[in-house]
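The domain 'RdRp catalytic' feature in Swiss-Prot is assigned to 286-483; the stated evidence is sequence analysis. The feature region 'Disordered' is assigned by Swiss-Prot to 55-82. Among the features that Swiss-Prot reports, region 'Promoter-binding site' is placed at 249-256, with the record citing sequence analysis. Residues annotated as motif 'Nuclear localization signal' in Swiss-Prot: 187-195, 203-216.
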Amino acid sequence: MDVNPTLLFLKVPAQNAISTTFPYTGDPPYSHGTGTGYTMDTVNRTHQYSEKGKWTTNTEIGAPQLNPIDGPLPEDNEPSGYAQTDCVLEAMASLEESHPGIFENSCLETMEVVQQTRVDKLTQGRQTYDWTLNRNQPAATALANTIEVFRSNDLTSNESGRLMDFLKDVMESMNKEEMEITTHFQRKRRVRDNMTKKMVTQRTIGKKKQRLNRKSYLIRALTLNTMTKDAERGKLKRRAIATPGMQIRGFVYFVETLARRICEKLEQSGLPVGGNEKKAKLANVVRKMMTNSQDTELSFTITGDNTKWNENQNPRMFLAMITYITRNQPEWFRNVLSLAPIMFSNKMARLGKGYMFESKSMKLRTQIPAEMLASIDLKYFNDSTKKKIEKIRPLLIDGTASLSPGMMMGMFNMLSTVLGVSILNLGQRKYTKTTYWWDGLQSSDDFALIVNAPNHEGIQAGVDRFYRTCKLVGINMSKKKSYINRTGTFEFTSFFYRYGFVANFSMELPSFGVSGINESADMSIGVTVIKNNMINNDLGPATAQMALQLFIKDYRYTYRCHRGDTQIQTRRSFELKKLWEQTRSKTGLLVSDGGPNLYNIRNLHIPEVCLKWRLMDEDYKGRLCNPLNPFVSHKEIESVNSAVVMPAHGPAKSMEYDAVATTHSWIPKRNRSILNTSQRGVLEDEQMYQKCCNLFEKFFPSSSYRRPVGISSMVEAMVSRARIDARIDFESGRIKKEEFAEIMKICSTIEELRRQK
């Protein structure tokens with residue numbers, strides 16, 4: 001029988017049908033090759049938006065800089081970055097007037113954070129520009145390299161472990177005449193292999209000392225490395241994102257902490273909360289506008305889009321905002337917070353890897369590094385690239401481009417949200433002094449504007465006033481891409497509002513399925529995703545039950561662990577059948593060992609091992625979870641692990657799941673080919689840290705481990721702990737006198753070695 005699909009929707013409210021419009025099947029696009037072109041686009045565009053500003057030259061590094069602040073007022077609708085200082089300050093003052101004490105209190109809270117934050121805060125984060133090696137590294141390695149170089153250049157405040165003291169070193173490093181760094185390099189030589197008698201290339205990794213003069217060091221400290229943003233859907237062109245070095249990161253962290261504290265107190269801010277909390281907060285603003293637009297008023301909502309938000313923001317504007325926000329605070333605090341915007345107004349964008357050329361006829365490939373773009377003959381390039389290079393040339397120094405205006409993606413999300421909210425705040429009747437008024441929501445560059453007025457002319461006037469006010473602070477609302485509708489239907493940060501936020505379950509579809517970490521984690525993540533979607537995304541019981549069955553099926557196919565009594569033949573079926581036959585309580589077998597599935601929608605919160613524990617054979621239990629079984633991995637597993645799940649749209653989300661260490665929680669070994677590359681030095685450093693941390697954990701089991709508050713080093717802490725433990729063990733008779741004496745002797749030797757060093 002044919003079913004008319006429209007019948008399916010007869011009983012469904014229109015807004016619930018949004019999941020059927022899901023556009024994102026298949027893999028998102030990834031970028032290949034170099035990001036140099038995209039970065040040049042960003043730099044050139046940013047300068048174009050501010051082209052009527054004043055040019056100056058940075059006296060320290062000789063970089064040309066463009067300052068659009070207080071530039072000409074816009075005469076057309078083209079995007080521009082000419083923010084007016086007095087307008088920004090006025091918006092800040094009004095924000096403070098409507099929220100008495102907001103800046104004062106946020107400053108006090110931030111001051112407390114600044115005093116307490118430890119340097120290891122900077123190890124969070126993924127790729128970071130490592131200025132010592134002039135390329136990207138994991139954050140922890142980049143921080144360690146920076147501290148190592150600082151210490152070898154007599155900058156030692158950081159030894160206290162406080163982030164604030166590390167930043168003192170950063171400030172001091174900028175005044176030094178030169179900095180000595182250690183770089184890794186690669187030597188290649190051809191040698192004859194004894195076994196095969198063939199010639200092979202042998203690579204050795206060396207470390208060499210290099211001196212950077214003040215100018216070179218400053219350029220590196222102010223450099224943002226650029227990469228291409230991957231996995232962006234719905235765009236034809238890729239775009240560049242930036243990753244700053246360790247000198248900038250600490251200062252940015254404190255500014256963002258302050259801005260975060262302010263955002264938490266603003267009802268129009270979509271940051272820093274997320275998920276259901278965010279929906280509730282936003283729904284309040286909408287409710288307020290709808291109840292206030294009594295029968296006499298019209299209410300319209302704009303689903304807003306800003307043109308090139310980051311490229312029209314300006315660090316100098318942020319400096320003005322911070323100066324105002326912290327105006328009654330102690331001098332040291334104001335100085336620390338003003339450093340991030342100052343460094344950003346002197347930033348340099350690293351152009352990345354450069355261009356790859358290949359000659360089809362001669363089968364040759366050659367890399368033109370970014371450093372050569374300043375001098376190379378342009379006849380080799382196509383027209384569009386030629387134009388880009390010509391435009392960027394005056395800005396180049398050592399393969400980096402001077403980029404004073406603009407913010408680069410994702411650096412000051414919180415602070416720019418404060419700026420956006422301050423304009424929304426000006427929509428109150430007491431400021432507009434007319435019949436229209438507005439309010440709205442702001443989350444970084446995304447906004448929704450709700451305008452109320454007695455008639456359509458009033459709505460139009462309100463929108464125009466908002467548009468012009470934004471222009472004065474460097475925010476460019478796009479008239480082409482923004483959409484106005486009666487209040488009650490709009491979209492904000494991928495949340496769709498129709499008389500309440502609609503659960504767009506299809507957005508979560510890509511996160512269903514088998515993650516591919518290991519059998520244990522995958523089972524746990526799979527059921528947690530289903531559970532979370534029942535809680536947050538209107539996933540109904542019948543659909544959830546179906547999702548669960550599909551997941552189990554998918555899981556069995558992925559790990560070839562079909563039930564022991566199945567007819568399906570796979571590589572593992574022989575072993576699993578044998579296990580099935582010799583197991584008395586077959587329900588006790590995990591799904592990954594060919595057991596049946598006991599999950600249903602009521603028990604998704606229980607890890608599978610716990611669910612089946614009472615049903616397991618004793619000897620199976622003993623193999624599965626025995627800490628003495630070499631295949632049971634206990635090192636890496638905490639009781640709660642976190643996985644990264646990818647929704648279809650928006651950032652990857654971190655999701656927590658319960659983890660139980662069993663023979664199935666294996667960790668894949670690292671690819672060995674890294675050992676032959678110049679990354680090897682990095683790997684050795686990483687292993688050294690791992691060993692130190694493991695040793696430290698032996699001395700301080702997690703129950704007694706508190707963050708060190710004093711300024712003792714790890715070694716001192718371990719030595720004093722060893723002495724205390726030894727004394728207790730000796731006095732309680734757990735160790736003999738000779739052993740006690742030997743421990744004390746070792747401790748003294750270690751201290752002696754430290755003194756000599």
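Start at 1 and count along the chain as shown; that gives each residue its number.
Glycine is treated like the rest: Cβ placed from N, Cα and C.
Confidence annotation: the domain 'RdRp catalytic' (286-483) carries a mean pLDDT of 94 in the model.
In the region 'Promoter-binding site' (249-256), the DSSP tally of helix, strand and coil residues is 8 helix, 0 strand, 0 coil. DSSP places the residues of the region 'Disordered' (55-82) in helix, strand and coil in these numbers: 0 helix, 7 strand, 21 coil. The residues of the motif 'Nuclear localization signal' (187-195), classed with DSSP into helix (H, G, I), strand (E, B) and coil, number 0 helix, 6 strand, 3 coil. Mapped onto DSSP helix, strand and coil, the motif 'Nuclear localization signal' (203-216) counts 3 helix, 11 strand, 0 coil.
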